[in-house]
């Protein structure tokens, strides 16, 4: 599943081709995504795209009439292509621009979404209760400590809770906890401020590095120009259960936590 770095890389890739361009058509070939795609042709045709933003794992394509809210789901991708590019399987939506290009949404598993919002996006049900962005100053040790106070849940589950901090999915939660030396099952409310300070710093550093490297190379992810990301070559624990720890040489443990595969080093990461 594309996580925050992959979505940000996509935003950076498509934004230069969309901003200040006029929409001349919206082609919906298959509107049966995670939620039905609304018929917004009348609202969006003739509109100028003002900016392309990201909130958590959602891409926001702003016009004066409203905002398209796009989620890549498990396997979705967005590509900038010439308008006459042949349609392939799973090419569900084309946003057609006056400059002869299209923004094409492809999603084999159809867990993605393309929605429309005419209200300030902060009021949309999908966005209204989201926590702070991890790469902003709003995500800091004071905020995290307050959010975790009294919580008995495993720290990894809290780190992946979008009400606490957005966009830290399974890959980067595994990696950040390893870098911070914190066991993923550690009780969140009992982690001291010093360790939380390290964790916040590692989350920021790992996400920023992943964005710089172009996102994580996984089976379904390619960035906006069709090229794979490169960060997977640098993963220390994710998907490496049973292999040796890159720090101490111990065999990495693999468990299920919150129905997600979790990999950690029982020596380097403590409760």
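Using the three backbone atoms N, Cα and C, a Cβ is placed for every residue, glycine included.
Its Cβ taken as reference, residue 2 (active site, schiff-base intermediate with DNA) is surrounded by 27 other Cβ atoms within 10 Å in the chains shown. Annotated active site, schiff-base intermediate with DNA per Swiss-Prot: 2, in sequence order, evidence recorded as sequence analysis.
Residue 3 (active site, proton donor): 22 other CB atoms within 10 A of its CB, across all protein chains. Residues or ranges marked as active site, proton donor in Swiss-Prot: 3 (among others).
Non-local contacts of residue 57 (active site, proton donor) by the CB criterion (under 8 A, 6+ apart in sequence, same chain) comprise 2, 3, 4, 7, 71, 72, 166, 167, 169. Annotation source Swiss-Prot lists active site, proton donor at 57 (among others), citing sequence analysis.
Under 8 Å, Cβ to Cβ, and six or more positions away along its own chain, residue 151 (DNA binding site) finds 158, 187, 188, 189. Residues annotated as DNA binding site in Swiss-Prot: 90, 109, 151.
The zinc finger annotation in Swiss-Prot covers 236-270, and the record cites sequence analysis as its basis. DSSP labels the residues of the zinc finger (236-270) in these numbers: 0 helix, 13 strand, 22 coil.
In the structure as shown, the Cβ atom of residue 260 (active site, proton donor) sits within 10 Å of 15 other Cβ atoms. Per Swiss-Prot, the feature active site, proton donor maps to 260 (among others); the stated evidence is sequence analysis.
Farthest C-alpha pair in the DNA-binding residues 90, 109, 151: 42 Å apart.
If you measure from the Cα atom of residue 260 (active site, proton donor) to that of residue 90 (DNA binding site), you get 27 Å. In sequence order, 106, 107, 108, 110 are the residues of the chain that are 6 or more apart from residue 90 (DNA binding site) and have a CB within less than 8 Å of its CB. In sequence order, 73, 74, 75 are the residues of the chain that are 6 or more apart from residue 109 (DNA binding site) and have a CB within less than 8 Å of its CB. If you average pLDDT over the zinc finger (236-270) in this model, you get 97.
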